[in-house]
Amino acid sequence: MEYENKLVLAPMVRVGTLPFRLLASDYGADITYAEEIIDHKIIKCERVVNEYIRSTDFVEKGTDNVVFRTCNQERDRIVFQMGTSDAVRALKAAELVCKDVVAVDINMGCPRSFSVSGGMGAALLSKPDLIHDILTTLRRNIDTPVTCKIRLLNSSHDTVELARRIEKTGVSALAVHGRKVADRPRDPAKWNEIADIVSSLSIPVIANGDVFEYDDIERIKVATGASSVMVARGALWNASIFSPKVKAHWEDVKKEYVRKSILWDNDVKSTKHTLKEMIMHYSCLEFPEGKAVIKSQNLADLAKVYGEEEYYELVSANRFTLNGHG
C-alpha cells in the first residue's frame, strides 16, 4: 500500500459506507476510508460472506445488523477506521477485519462527544503514551499497514512533537486535519501548521481540510508540501471532486449514489442521512425532494423518489434468480 500522491476519501460517520466509497473511487479516489467504527462494536461481530449481494459483511452476532460491509471491488483501497481507547481491544478488532482491508487507521481526531467521552478520537491527542501503546501493539501483531488521523494541538510545536512520536511507532502514514479540537467546520483549516508536520516527518502525511473543489487539491499540496490529500465535505457534496475531468452535476452524482445503495443493499437510514446532507448543501429539505426522502421507509421508496424503480426491480429480480429461485 503506497501513500504517496494519493487522493483519499475521508472517514465520515454514516456516510462512508460501501456505496459511497465505491462512488468516490469511480470518480478517482485512490484510497477510501470507511466511517469510524468503535472497537467494542466490531468485536461483537462475525465475518459473513454475503452470497446474496456478493459482499463481505461483519454482522453483530445474534442479529441482522451489518456493522461493516466491504467487497472485492474495493479490496485494494479500503481503510478500516477504528475508534478505540485500549490497545488490547484495538488489536482484537483489527485482527477480525485486517484480511479484508488494505490498512487499519486509528481515529485520533474526532471531536464528537460520543468519541471523546469514551476516551477515543480527539481524547487520545492528550495521551501520547496510550497512542504509542495502541499503535505499537497493532504494528507488532498484524501484517496490515497501520495509520492514524489526528487534529492539530494548541501549538504547532506540540503537534509536530506528537507527530514525530507517532512516526516512531512505525505507522505507514499520518493523516492530519488542519483544525484544532475546538475549531468548528466554518473555521478555516490551518494549512501552514500541516506544512510544519510535513517538513518534520519522513513518512507520508495526508493533508485534510477545506478541499471543496478539484483545484483545491493542488492548492493544499503546494501550501503544505503533502503529496496526498484527503477530502471530506467536498466529496460528500459532490463525489466527482476526485475527477480531473469536468465536475459532474450533483443531481447525477446523487442518482448514482442511490443506484449504488440499491445494488449493495445499503442501510436505508445511512442512505437517507447521506442524501439529506447532499440536499441541504444545494437546496432545502422543505422542498418536495427533501420531504420525500425523509418519508421514505426503504430503498424501494427512495428508488421511486429518484425515478430508479426500474433499476430497483432489475436488481431485485437478478438477486432472486441468482439465489436459485428463478
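For all residues, glycine too, the Cβ spot is worked out from N, Cα and C.
Noted in TrEMBL for the protein shown:
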- CYS110: active site, proton donor (ACT_SITE)
- PRO11, MET12, VAL13, GLN81, LYS149, HIS177, ALA232, ARG233: FMN binding site (BINDING)
- 9-282: domain 'DUS-like FMN-binding' (DOMAIN)
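The structure, with features from TrEMBL marked on it.
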residue: PRO11; record: FMN binding site; CB count, 10 Å: 26
residue: MET12; record: FMN binding site; CB count, 10 Å: 21
residue: VAL13; record: FMN binding site; CB count, 10 Å: 16
residue: GLN81; record: FMN binding site; CB count, 10 Å: 25
residue: CYS110; record: active site, proton donor; CB count, 10 Å: 23
residue: LYS149; record: FMN binding site; CB count, 10 Å: 25
residue: HIS177; record: FMN binding site; CB count, 10 Å: 26
residue: ALA232; record: FMN binding site; CB count, 10 Å: 22
residue: ARG233; record: FMN binding site; CB count, 10 Å: 17
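On the 0 to 100 pLDDT scale, the domain 'DUS-like FMN-binding' (9-282) averages 96 in the predicted structure. Across the fold, the C-alpha of VAL13 (FMN binding site) and the C-alpha of the residue listed as 'active site, proton donor' stand 10 Å from each other.
In this structure, the C-alpha atom of ARG233 (FMN binding site) lies 15 angstrom from that of CYS110 (active site, proton donor). For the FMN site, whose annotated binding residues are PRO11, MET12, VAL13, GLN81, LYS149, HIS177, ALA232, ARG233, the maximal Cα to Cα separation is 17 Å.
Counting only the Cα atoms, the space from ALA232 (FMN binding site) to CYS110 (active site, proton donor) is about 13 angstrom.
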